[in-house]
Amino acid sequence: MTKEQILAEHIIDAVGGIDNMDNIINCMTRVRIKVLDEDKIDYEQLKSIKGVMGVVKDDRVQVVVGPGTVNKVASHMSELSGAPLGETIKHKSKDYRANAEAQAQANKSEFQSKQKRGKFNKLLKTIANIFIPLIPAFIGAGLIGGIAAVLSNLLAAGQISGEWVTQLVTVFNVIKDGMLAYLAIFTGINAAKEFGATPGLGGVIGGTTLLTGLTDKNMITNIFTGEPLQPGQGGIIGVIFAVWLLSIIEKRLHKIVPNSIDIIVTPTITLFIIGLLTIFIFMPLAGFVSDGLVTVINGIIDIGGVFSGFIIGAFFLPLVMLGLHHMFTPIHIEMINQTGATYLLPIAAMAGAGQVGAALALWVRCRKNTTLRDTLKGALPVGFLGIGEPLIYGVTLPLGKPFITACIGGGIGGAVIGGIGHIGATAIGPSGISLLPLISDHMYLGYIAGLLVAYAGGFIFTYFFGTTKAMRESDTLGD
């Protein structure tokens, strides 16, 4: 074992073992441990450990081990505890070494499972882990922006007036832009966490793409086109790739840079290398990719119209079932960044609406099946609000046929949205009725029409073709 690993184990022993630790974090020089019972800490033993420079008693036990060393010690303590830094430790064993072995075995099984699923599914999980924590912010900022847009329209129409209303609109827009304008920074932070890099460095790389402080007189040139590089060019695709590369460089530097200068040298060199690559290489190239992707998808929706809408609406539910729908998250965000709205999301939302229609048909058609109806009582209300997993995994998928007819209903609703055209959403996250406040360009009626048609399509196809005699007459959730 390395001296840092030995130091980590001695610290764990002195603070009362893994069972007495709630979580672990670290700063530049200290490992900060939140303990469950302070009486179990042997402070004299802790201070006498070789490598411990000092101990500070606070709301956390702060063990000073020095710059550079602290990252390695905290990391090994995290591995032994079985919990990532900052997260609550699950106490499975009184012997932390046995706990570590059990965690290692669990990690091995998880790794083997990932290998079986393939790299593509691992990529989807990574995308989900980066963006799912941001969804509440998207929803909140999007709804506040929607309220600001409604108030602005009412002001322009003369239906309301007053300086306070104008100020309120300004404040709401500032709150909305607090999320959308700095999305690259949030993405960089979350990507760094996912890739095992320092979150702050990921945020800096995200902020670098905003080209803060540049004016028309001191623009940076795109080396591929000769034109000025635009703030945010390359979007989140470029940020994610840059932070992934940053994580590789930072980890390697931690291994080779001496502990005494690690805290200074590693972040400086990492940002220097990745910052230059981001500005001159990643932003221009990712800009080509993201611009092309958004153009192609919008073109497919515009040109395909009804047909494209049906295909997206019909096949989105199986993508959700397989977890593949997460691959659309960066696409939605890029569409919002470039055009102000994602025209893909309202069509995809029809998949959930078709499932709601199918569930309503099952409620009517299978009156004798009390088990099914009890399940629907809990799953159907949230289905209207766009939370479809209870219906997918609790009702339609186990029954088989209703899942297929729900997909058909979603396809019909998607065809309506595609046929009407230009129905977009200004933020991601909600679906179903919950998406209504986020619909752009006053296309609310078009979206409602799509929902109603999807409900009806799912209901009709399920009522006539989506049930069996066993479903209708049995008292179990099965066909």
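Backbone N, Cα and C atoms are what each Cβ position is placed from, and that goes for glycine too.
For C27 (active site, phosphocysteine intermediate), applying a Cβ distance below 8 Å and a minimum sequence separation of six or more within one chain yields V70. According to Swiss-Prot, the feature active site, phosphocysteine intermediate maps to C27.
Look at Swiss-Prot and you will find 5-87 tagged as domain 'PTS EIIB type-1', backed by sequence analysis. In the domain 'PTS EIIB type-1' (5-87), the DSSP tally of helix, strand and coil residues is 35 helix, 20 strand, 28 coil.
The feature domain 'PTS EIIC type-1' is assigned by Swiss-Prot to 125-479.
Long-range Cβ contacts of the transmembrane segment (130-150) within its own chain (Cβ-Cβ under 8 Å, at least 6 residues beyond either end) map to 169, 172-173, 175-176, 178-180, 183, 186-187, 190-191, 194, 240, 326, 329-330, 333, 425-430, 437-438. Swiss-Prot lists 130-150 (among others) with the feature transmembrane segment.
For 169-189 (among others), the entry in Swiss-Prot reads transmembrane segment, with the evidence type sequence analysis.
For 195-215 (among others), the entry in Swiss-Prot reads transmembrane segment.
With a cut-off of 8 Å between Cβ atoms, the residues of this chain six or more beyond the transmembrane segment (229-249) that come close are 130, 183-184, 187-188, 191-192, 195-197, 201-202, 205-206, 209-212, 214, 219-222, 269-270, 273-274, 277-279, 282-287, 289-290, 330, 333-334, 337-338. Under the heading transmembrane segment, Swiss-Prot lists 229-249 (among others).
The transmembrane segment annotation in Swiss-Prot covers 269-289 (among others) and is backed by sequence analysis.
Within its own chain, the transmembrane segment (303-323) has Cβ neighbours under 8 Å at 121, 124-125, 128, 344, 347-348, 350-352, 354-355, 388-389, 392, 397, 403, 406-408, 410-419, 421, 454, counting only residues six or more beyond its boundaries. Residues or ranges marked as transmembrane segment by Swiss-Prot: 303-323 (among others).
Among the features that Swiss-Prot reports, transmembrane segment is placed at 344-364 (among others), with the record citing sequence analysis.
Residues 317, 320-321, 349, 351-352, 355-356, 358-360, 362-363, 372, 406, 430-435, 471, 477-479 of the same chain lie 6+ residues outside the transmembrane segment (379-399) yet bring a C-beta within less than 8 angstroms of a C-beta in it. Per Swiss-Prot, the feature transmembrane segment maps to 379-399 (among others); the stated evidence is sequence analysis.
The annotation transmembrane segment is assigned in Swiss-Prot to 403-423 (among others).
Among residues of the same chain six or more beyond the transmembrane segment (445-465), those with a C-beta under 8 A of the stretch's C-beta atoms are 313, 346-347, 349-350, 353-362, 364-365, 401-402, 405-406, 408-414, 416-417, 420, 423, 432-433, 435-436, 439. Taken from Swiss-Prot, the feature transmembrane segment applies to 445-465 (among others), supported by sequence analysis.
In the predicted model, residues of the domain 'PTS EIIB type-1' (5-87) average a pLDDT of 89.
Listed by sequence, the residues of this chain that lie at least six past the ends of the transmembrane segment (169-189) yet keep a Cβ under 8 A from its Cβ atoms are 130-131, 134, 137-138, 140-142, 144-145, 147-148, 151-152, 155, 199-200, 202-207, 209-210, 232, 235-236, 239-240, 242-243, 333, 336-337.
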